[in-house]
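Novice: These came from Swiss-Prot, pasted as-is:
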type     : residues              : note
DOMAIN   : 4-133                 : domain 'RNase III'
BINDING  : Glu46, Asn119, Glu122 : Mg(2+) binding site
ACT_SITE : Asp50                 : active site
ACT_SITE : Glu122                : active site
DOMAIN   : 158-226               : domain 'DRBM'
Amino acid sequence: MESFEELEKLLDYSFKNKALLTEALSHPSLRQHHEYKANKDYERLEFLGDAVLNLIITEILFNNFKEYNEGNLAKIRSYLVCKETICVVGAKLGLKNYIIMTHGEEIAGGRDNPNNIENVTEALIAAIYLDSDITTIHNIIGKLWAEFIKVKDLTDYDPKTALQEWAQSKDHHIPIYRLIKREGVAHLSTFTVSVKINGYEQTGKGHSIKEAEKNAARELLHKLKLL
């Protein structure tokens with residue numbers, strides 16, 4: 001497991017209360033085994049972090065996308081706070097290397113479990129918020145999510161809706177999605193989905209069917225040169 005100091009460097013933030021950082025990185029499996037002597041895990045912080053992330057992302061969108069109505073803002077926010085996006089942020093921070101977990105959870109693939117990455121990312125957000133203030137966590141989230149906020153088009157945020165709206169505008173049938181393949185086991189699965197519309201077809205992969213469908217739709221939109 002990597003040192004917490006390395007994570008703080010990546011975040012460009014040093015915790016005043018190191019116990020909050022430890023709590024944010026502690027998997028619930030620790031409390032089920034007395035030998036680890038853990039009395040806290042990340043679950044409560046995850047609950048708070050989810051709310052903090054939604055608030056900050058909402059404020060960023062409100063201030064930076066003045067041309068969009070509330071419906072479009074909601075679509076963008078949904079993309080920015082979804083499991084897939086949060087997991088990408090967590091992966092770029094290398095959070096799997098910092099999670100404190102039992103040996104059993106580790107050998108079961110816990111470090112690569114998207115649920116764990118998502119939960120720890122949200123817990124870390126809450127820990128920073130509690131350790132500092134709303135301005136500090138606002139700046140950190142702004143940096144971590146910058147590449148996702150700056151995509152060029154609304155269709156990038158919601159490719160499935162964009163593809164369906166295009167089909168309807170051309171009087172085509174609605175897109176048909178089909179699961180082609182599932183690889184891996186349980187929480188480490190990779191799904192391959194195809195999307196077909198009026199003779200055009202493209203595939204996409206993801207760690208959930210929903211993510212794979214979005215990626216397939218995005219690829220087909222690119223193929224149709226709509227993005």
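Placed from the backbone N, Cα and C atoms, the Cβ positions cover glycine too.
Surface or core, plus neighbours and distances: that's what I need for these features.
Specialist: The average pLDDT the prediction assigns to the domain 'RNase III' (4-133) is 92.
Counting Cβ atoms from all protein chains shown, Glu46 (Mg(2+) binding site) has 20 others lying within 10 Å of its own Cβ.
Proximity of Asp50 (active site) to non-local residues of its own chain (separation of 6 or more, Cβ distance below 8 Å) is seen for Val81, Glu122, given in sequence order. Asp50 (active site) falls within a helical segment according to DSSP.
Every protein chain considered, the tally of other Cβ atoms within 10 Å of the Cβ of Glu122 (Mg(2+) binding site) stands at 25.
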Novice: Other than Glu46, Asn119, Glu122, which residues of the chain come within 8 Å of the Mg(2+) site, judged by Cβ distance to the Cβ centroid of those residues?
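Specialist: So the extra residues in range turn out to be Tyr42, Glu43, Leu45, Phe47, Gly49, Asp50, Glu118, Val120, Thr121, Ala123, Ala126.
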Novice: Run through the Cβ atoms and count how many others sit within 10 Å of the one on Asn119 (Mg(2+) binding site).
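Specialist: There are 27 such Cβ atoms around Asn119 (Mg(2+) binding site).
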